[in-house]
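Undergrad: My questions all concern the structure below.
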C-alpha cells in the first residue's frame, strides 16, 4: 500500500472516531441525559405547595368520566428564589445548543469531504496498481497520463488541511463542552440538594391529602350518568355481567351469565380484555339454576335467586360450592313482582359502599319496592325499608351509598326518576337522564369499586360512569 493511501486511511479512521464521539459521548458531556430530564420534570411540579405555605383544598367533585377531582387554592407566588440559577442554566443550555449546531455543521462538511476522499482513493489505487506493473521503460504518453492523474489529486491536499482545521475546532468545542458540563453538574447538584428533595416531600404530602379526599368522595348524591361505553356485543337479549365489587384492583375478572331463567352456566374471564376478546375463561356449573338477571359477585361469591323460589343462594367460586342459601321472607318470585320488562326479575341483589342489598316486593307491601340490608355471611335480613314505589313501574334499580335509584323505564328515553334514602327513610323524585343506546335494558347494577354502572342492553354489555355530588369540609372549616 502506498503512503498516500495510508494517510487517507488514517484520516478516515480519525473521522470515524470523531463521528462516534459526536453521536455517543457528546450528549453525556453536555448533560443531555435522563438525570437532567428528571430534574426538568421536577421543576414543573413546584406549583404544589405544602399546607403551611397557604394552599388548601376547597372543592371536590367527580368528572363526567367518573374520575375524582380535587381543586386546591394555590397562594400567589413571588419571584422565584432560584431566578439567578435559572438564568444561568438557560445561558448554559443556549451555549450547549450553539455547540451542538457547530458540531452538526462539522458533521455535514465531514460527510461531504469524505465522499470526495473516497473517490480520490479509488483513483490512487488505480495509479498505484499501474506503477507496480509498469516496466522500466515508460513512454512519454504514460508519463503525461500519470501527470494528469496527479493533477486530479491536488485538491485532496486542501481537503486534508480542512480536516486538520476541523480537528482543532472539535478539540476546542470538546473543551468548551467539558466546561459547560462541569457548570451544569454543579447547578444540578445544588438544585438537587436544596430543591428536588423538598419538592418530593411536598408532592408526597399532596398525594396523602388527595388520598384522604378520595376517601371522602366515596359517597355522594347522583347528579349525572355519562354516555354509554359499549364493551362487547355477546349473548341473547337478556343476561348479566359483572366484576367483584370487593376484589383488589389487581383482580379484574369478569363473570358472564346469559339468559334470565333456568340457566346454570357462569363464565369467568381472567380480565376485561379477555372478556372483550372472548378468551381465557373457565366455566362454573351452578348446582341450582337461576332466575332473573339481578345477580351480583361480592367478595368471591355469587349471590343469585334460585329458579321458581324466593331462595337466595351464595355460591363460592373458588370452592365451587354453595356456602349458604336462605329464603327471603315474603318475597315474590316467578314473575309475581318483576320490573317492567318482566324476565323473572322479582329479586335483585346489589352491592354498594355499605354492603349487600336485596330489592324485591312482598304481598304485604302491596307490590311496592322493598329494600333489605343482608348479612353477606348468613343471608339474614338486617333491616328493611318500604320505598312506596311500585316495582312493576320500575325499569331497573341500583344502589349507591345507601340510596336506591329507580329508572322509570327499561326502554329508550329512560331516566333515573326516583331516589330512596335509607339513612333518613325518605324519598324524592329526580330527573337524571341517561342514553339507552340499544333500547332494552335488562340488567343495571352499580359497582362501588369502579364507580360505574354495569348494563346488559339488548345483547350488549355496556358501562356508564356516574357523577356524584360531594360536600367536603377541610380541617380549617368551622
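Using N, Cα and C of the backbone, Cβ positions are placed for all residues, glycine too.
The signal peptide annotation in Swiss-Prot covers 1-16 and is backed by sequence analysis. If you look up Swiss-Prot, you'll see 33, 98, 179, 299, 334, 423, 465 marked as N-linked glycosylation site, on the strength of sequence analysis. Marked as coiled coil by Swiss-Prot on the basis of sequence analysis: 86-109, 160-218. Among the features that Swiss-Prot reports, domain 'Olfactomedin-like' is placed at 218-470. Positions annotated as disulfide bond by Swiss-Prot, on the basis of sequence analysis: 219-401.
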Undergrad: Work out the three-state DSSP category of residue 465 (N-linked glycosylation site).
TA: strand
Undergrad: Cα of residue 465 (N-linked glycosylation site) to Cα of residue 179 (N-linked glycosylation site): how many Å, rounded?
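TA: Given the Cα positions, residue 465 (N-linked glycosylation site) is 56 Å from residue 179 (N-linked glycosylation site).
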Undergrad: Quick one: pull the CA-CA distance for residue 401 (disulfide bond) versus residue 98 (N-linked glycosylation site), whole Å only.
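TA: Pair distance, Cα basis, whole Å: 61 Å.
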Undergrad: Roughly where does the domain 'Olfactomedin-like' (218-470) sit in mean pLDDT, to the nearest integer?
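TA: When the pLDDT values over the domain 'Olfactomedin-like' (218-470) are averaged, the result is 95.
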Undergrad: Can you check what DSSP calls residue 179 (N-linked glycosylation site), collapsed to helix, strand or coil?
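TA: In three-state terms, residue 179 (N-linked glycosylation site) counts as helix.
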Undergrad: Between residue 98 (N-linked glycosylation site) and residue 179 (N-linked glycosylation site), how far is it from one CA atom to the other, in Å?
TA: 14
Undergrad: Within 10 Å of the Cβ of residue 98 (N-linked glycosylation site), how many other Cβ atoms can be counted across all chains shown?
TA: 12
Undergrad: I need the nearest neighbour of residue 299 (N-linked glycosylation site) among the recorded positions 219, 334, 423, using C-alpha distances.
TA: 219
Undergrad: Which one is closest to residue 219 (disulfide bond) in space, judged by CA to CA distance, out of the glycosylation sites 179, 334, 423?
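TA: Ranked by Cα distance from residue 219 (disulfide bond), first place goes to 423.
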